[in-house]
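Report on the following structure.
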Amino acid sequence: MPFPGEKRWLLLGVALAILASYFAPQFNRYYLGVAIDVGIAIILATSLNLINGHTGQFSLGHAGFMAVGGFFSAWLSLKAGVTADAFWFFPLALVAGGLLSAVVGLLVGVPSLRLRGDYLAIVTLGFGEIIRVVAQNTEAIGAASGLKGIPKLTTLGWTFGFAAVTIYAITALVNSTYGRGFIAVHDDEIAAESNGVDTTRTKVTAFVTGAFFAGIAGGLYAHHKQFLSPTGFDWLKSIDIVVMVILGGMGRTVGVIAAAILLTLMPELLRDFSEYRMILYALLIILLMLLRPAGLFSFNLKRRKHS
Amino acid sequence: MDWLQQIINGLGLGAIYALIALGYTMVYGVLRFINFAHSDVLMLGAFSSFYIAPKIEKVMGSQSLLGCILVFILAAAICACLGMLIERLAYRPLRNRPKLTVLITAIGVSLLIEFTCQNENVFGASPQPFPKLLPEKSIHFGNVILSSNDLLTVTVTIVLLAAMWLIVQKTRIGTAMRAVSYNQQAALLMGVPVNRIISFTFGLGSALAAVAGILYAIKAPGIEPLMGVQPGLRAFVAAVLGGIGNLPGAVLGGVLLGLLETIAGGIPGLSNYRDAIAFGILILILILKPAGLLGRSSVEKV
């Protein structure tokens, strides 16, 4: 899983983002929209990969954190009444959404990360549902009808800029001395604990960081679609992101990014078969688990043992 | 608000949760994983009886008791086979893999069943009216109404729970189930046919799910491919609440959850949060008493 020269990737990503936003007005609007979807999916999948892949904690509530960030930043920009030319407001609103999402992640993570495996999966699913129910009953964010008329602030540049930052931050975190703790927890929690890794703290860190970036992705999504509804963040949305991580191979950053791109483009290419999309996803999950549990893109010669 | 009425409604709902929770707990007991597809077997049970009932009705006449029993038995048999099939195809090849792999597969199986059934060539996504299996009567005690459906639910549940207890505690196969649950390797060494026992457990659990599915469909008579999701999740919470792997715990958890949900649904202001209540309880229980009300906590050996 080594990912050398992550700084280079960051610079490359940011440069591409600036270049892309320079040329963006000449692109077809449809392709532009799809490209932004891809960027958001990359952020979501990379951030979930930190929790599910690198740290080995199975979270099924990523859509909940996306909702927190999305609703909060959208609410901010609606409150502030910003228009499309507010350049510096947008990243601040995104980060604010991400921070609130991280706080919620902390509240969720501290109690539930004492649990393992399937219990954790269920609890995170439950928290995702609770977030959705709360959103549905909160008047300030439009309750069940959701938020409408969110200014269109998401551009290709911001999306890929944040995607590059996400990839950089998470790979740098995992490859740091501290971040080796994530891998240790993934490989064997008890062994990690007895080697002096504070496992609960490590898991909470992964969870909070993942939630932060999911919140940012939510904000980008909100200002891209210009409409948010609580029902859009149910657990099937979480499953979408989980499938990206599984398909890419848990803990394999490049694979997960590739899977995020592929799974976002696929429904666009297979528009005529849209009613079979989820059936296909489900089959994909089962077959991958039976045949290639390390992910579709796991051609690495250096095989990491999956516990 | 009439408390007695709420309690009766809650018991009717709780009995259904208890039946579903029993299936979760049994599978968890022998295999140590959450069978996510359990709630979809429940849905398939409701749909099989939806297709069987009219045919039975032609032979036995409408709304007869014997016909109703026959519908239950046939649907349970179909689902038992389905449950065993799912175990054979999806879970058995993964028997010695990490738990997470099995969990993800279970989610995949659940999604596969749900979305295949939602396809318009299978059941379609829109709700369909569930036929009346028995004439519906209600008995009035002053303000309190006791419907025959709730009575049926509670009776069926008690009978099945007693049967389950007898099977698990008194029969040879039940002893084998407990042995597999206790230690699969040791059971295998003592000559217990582990594969067959696991298959049987899945069959039994799925049959219970089918019965619960029919009872649920009688209670809320619009059936659709996603109908199992909500009761399934709640029954899972019930199983954890009582202590997963523990049969009496599943029943206790089911009844408690049914009562809590019905009572909370009657309180204005709380009723909007009904969907969140079960998960709130789950989180509380896991934080305060991770082994559940009747469960014993175990220490992981290294």
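Glycine too: its Cβ is placed from the backbone N, Cα and C atoms.
What TrEMBL annotates here:
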type     : residues  : note
TRANSMEM : A:9-24    : transmembrane segment
TRANSMEM : A:30-51   : transmembrane segment
TRANSMEM : A:58-76   : transmembrane segment
TRANSMEM : A:88-110  : transmembrane segment
TRANSMEM : A:155-174 : transmembrane segment
TRANSMEM : A:204-221 : transmembrane segment
TRANSMEM : A:241-266 : transmembrane segment
TRANSMEM : A:278-299 : transmembrane segment
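By the count of Cβ pairs under 8 Å, the stretch nearest in packing to the transmembrane segment (A:30-51) among A:88-110, A:155-174, A:204-221, A:241-266, A:278-299 is A:241-266.
Across A:58-76, A:88-110, A:204-221, A:278-299, the stretch most heavily in contact with the transmembrane segment (A:155-174), judged by Cβ pairs under 8 Å, is A:204-221. The transmembrane segment (A:58-76) makes contact with the transmembrane segment (A:204-221), as judged by at least three Cβ pairs under 8 Å among residues 6 or more apart in sequence. Only residues 6 or more beyond the boundaries of the transmembrane segment (A:88-110), in the same chain, are considered here, and those with a CB under 8 A from a CB of the stretch are 61, 64-66, 68-74, 76-77, 80, 82, 124, 127, 131, 153-154, 158, 162, 203-204, 207-216, 218-220, 223.
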